[in-house]
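As recorded in Swiss-Prot, the features of this protein are as follows:
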type	residues	note
COMPBIAS	26-47	compositional bias 'Polar residues'
COMPBIAS	137-152	compositional bias 'Polar residues'
COMPBIAS	153-171	compositional bias 'Low complexity'
REGION	26-50	region 'Disordered'
REGION	123-172	region 'Disordered'
TRANSMEM	211-231	transmembrane segment
TRANSMEM	232-252	transmembrane segment
TRANSMEM	273-293	transmembrane segment
TRANSMEM	346-366	transmembrane segment
TRANSMEM	393-413	transmembrane segment
TRANSMEM	474-494	transmembrane segment
TRANSMEM	500-520	transmembrane segment
Amino acid sequence: MGVQQQSELPSQTSAKYFSLREDVSTESLSDIDSQTDINNTGNSGKDYSSPPRLSLWGWYTPSQYRGNSSGVTMKNLSASEDSISLSSLDHQQQPMLMVDHSSNSDNEDGATAKDFKIDIHLKGEDEDDGSGDTRVKYNTRNSGTLRNSSNKTQTTVLNNSTTSSNNINNNNDKEINITTLGGSTNSTTKFLYSSVDQSNGSTIRYPYSPSYSDATFSILSGVVILFSIIYSLLVGPIQIMFAFLVSILVFISYICASFAANNRIYLYSITALAVGLGLTIPSFFAATGAVVLGTGRDKSTWDVELFKSDQVLMGWMWPKGQMAIFVDESTIIGPDSFIGKLSTEILQLSYISYYIWGYFMEIYILYNLWRCHLSKDPQQQKMMPIWDQRLKMFICSWISTYFIVFSINLIFPAVSPRVYIGKTLNLYNNTLEGFGFAGFVRSRIDNAAKGSFGSFPSGHIATSFAIGLSSYKILPAYGFVSTIAAILIAIATMYLRYHYFVDFLAALPVTIFCLLYGGFYTPSDFKNVFVNCFYSIKSIFQNILSKFNNK
């Protein structure tokens, strides 16, 4: 039995108070799968507790954010309706509380008794902001605060499970922030899009457009198959056998996922598809080099132009515009000094970590997707479409960078400073061995990179930043760490003689485009970053000038 919380009324405030006690029997909680819909039309017998149906093109959605009390299910919102109807309430309308009792009971016998205290009042002149909003409060074991104003509605919910923050914008330019506090895990989700689960008629709020994420994922799968066909026509499938087999895996698994009869088949198919798309990295990297050699593009590489561009852009800072030459000639941080050896080891380790960040995040998303499917908790099952969408969007942000880079490599093949400056021009006097480990890794990379012409733009830089920034939208801590690793990788590519500075510059727009393509970011996000940077730099210069003027 919940305990009512005492509340003191502020003076000169018109307020109405009432208490609502709600007892839920054990029978209504014992079998969630037996709950049926009794909506406003009088229809019954439709099961809304079944797991959501997953599909590449069906956009099936689970029945979450749905109120149920004593076996009676509230009418579900249509796809055109906003996720929470309270945002459109005016002061004369009574707010509606939607309570979900599908969670575990606090009592040992399974029964739950909850006490609500609801405070409805208009702000008076004694409150400073004068927005004249309607405030609704209720206290219970799962307590919360909901605020409805003309511009913004904010809801805070306290529970014992997870922590999440959700922002929902409706068609009336009102924003709904839903923050859930408690438990050991933290996540941030913005639910902006509604869609109807065609398998049971229920509604889910997606953080991103399901139509967009499904379309971009399908386009990426088609691009992989198209590259395989074009490469096969240019040099034959035998020369690119690994990439050809991977493209077949992508094609078959995509077809199976599109026509999957149930979630289990879909998950097996989408897992195979995710693995296949992950394998496009090494397979099409080698295939692109084979196509450059097979078409004779290796006879006209662009290393001379890239080297001259570095001299123009960075010649004022480094000799011949190369960080690697500056390090090679330095007596303090040179390859033979202790600092130089330590730097070489750290940066070489950072460089090879590029190969794991994307795969680890892909495995993490697949793990959560399968965990939701295998869970017996209906609330966990209802998160399957969210993790499915995250998988598609992350793969689009991650893998699309490679195919843009591969396309540019075919047009502007280059062998990298390690080969052109080091072996053709002989401008490096020392080798980068570090304490031994770096030299071992470099020898393996040199052997694996024979026949490679992928210097411009830097795929390492483009992909690393795409992984870090997209991962931040899924798992912020992982995204932060992988973004730091991306910065180290960017430095390592030039320090370790793998890329020119212009390779770094060309990789940045590729990263931005792929993040936009994946859907985690919008053009306004990048615009805000540039605007904030501009004003920050402007403020710094203004402060410096003001100090000089004061003197």
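Using N, Cα and C of the backbone, Cβ positions are placed for all residues, glycine too.
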Positions whose Cβ lies under 8 angstroms from the transmembrane segment (346-366), at least six residues beyond its ends: 271, 274, 278, 281, 387, 390-391, 394-395, 398, 432, 434, 437-438, 441-442, 445, 460, 463-464, 467-468, 471, 474-475, 478, 482, 485-486, 488-489, 491-493, 495-496, 498
Any contact, the transmembrane segment (393-413) to the transmembrane segment (232-252), with at least 3 Cβ pairs under 8 A: no
Contact set, same chain, for the transmembrane segment (474-494): CB under 8 Å, 6 or more residues outside the stretch: 186, 188, 322-324, 346-348, 350-351, 353-354, 357, 360-361, 364-365, 390, 394, 458, 460-461, 464-465, 467-468, 500-501, 503-504
Positions on the same chain near the transmembrane segment (273-293), where near means CB under 8 A and six or more residues out: 220-221, 224, 227, 231, 234-235, 239-240, 242-243, 245-247, 249-250, 253-254, 257, 358-359, 362, 366, 391, 395, 399, 402-403, 406, 409-410, 413, 451-454, 459
Intrachain residues whose Cβ lies under 8 Å of the transmembrane segment (211-231), provided they are six or more past its termini: 56-57, 59, 240, 243-244, 246-247, 250-251, 254, 273, 276-277, 280, 284, 287-288, 290-291, 389, 392-393, 395-396, 399-400, 403, 406, 517-519
